[in-house]
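Colleague: Here it is: the structure, laid out below.
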Amino acid sequence: MRHGTHTGSNPYAEAYVEVTAGGLAETDLAADPIEQFRRWLADAIRYNLPEPTAMVVATADADGRPSSRHVLLKSVDDGFVFFTNYRSRKGRDLSENPSASLCFPWFAIGRQVVVLGTVTKVTREETEEYFASRPRDSQCGAWSSENQSSVVPSRAWLDERYAEVAQRFAGVEHIPPPPFWGGFRVIPETVEFWQARPARMHDRLRYRRTADGERPWIIERLSP
């Protein structure tokens, strides 16, 4: 159930909406965080949350300056996979500092998942397979934005670039991925599952990777 909990003149306080839901106990969790994530993602999809695979990807450059943006999760295996322009700010950050944090904000059902991990590029074969599944206009868009995150003169300039790319590939049945475009895989070191509870006494359970082959993950409860 969702309900407002603050009154007064502070607009930020007025905007706060509390979500009450069932608790989250250690015994509720799968032994592996990837399996637990799949369960919660299935719940987010079942509840028809908008863009349930949208996540905030936070990176930092070599000097520690952070940046963040929303990106769509494309697959989950031993890590969390997304695709982007390698020349974008996040691509440059990850080439200098291959660590990232992900946040899945499923606040409508009182949940969020926060991942911290190291980042590697996916294979070119994985990139080609995913790129082939994209709509043709999105493929052209990837080629059009050769220097993502750079300053451009105008919207008209962007539209002209797209038209040029679409014309270039007009007779090509299968558009290949650009050499500056591909995927990253975030290999988790910690994964926190956050469940909203009344009075801000939220449940926070974190998986932490260990060097123990027989017990690769430890589950810890964090103070709310």
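Every residue, even glycine, has its Cβ placed from backbone N, Cα and C.
Annotations for this protein, taken from Swiss-Prot, read as follows:
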type: BINDING; residues: 69-74, 83-84, 89-90, Q112, 148-149, W194, R204; note: FMN binding site
type: BINDING; residues: K74, Y130, R134, S138, R200, M201, H202; note: substrate binding site
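Would you situate these features in the structure and describe their surroundings?
Modeller: Taking the Cβ of F83 (FMN binding site) as centre and 10 Å as the limit, one finds 21 other Cβ atoms among all the protein chains shown.
The C-beta environment of R200 (substrate binding site), restricted to residues of the same chain at least 6 apart in sequence and closer than 8 Å, consists of P224.
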Colleague: For H202 (substrate binding site) and Q112 (FMN binding site), determine the Cα separation and express it in whole Å.
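Modeller: Rounded to a whole number, the Cα-Cα distance is 11 Å.
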Colleague: Let me make sure I understand the span of the substrate site: among K74, Y130, R134, S138, R200, M201, H202, what is the greatest distance between any two Cα atoms, in Å?
Modeller: 43
Colleague: List, in sequence order, the same-chain residues at least six positions removed whose CB sits under 8 Å from that of M201 (substrate binding site)?
Modeller: P224
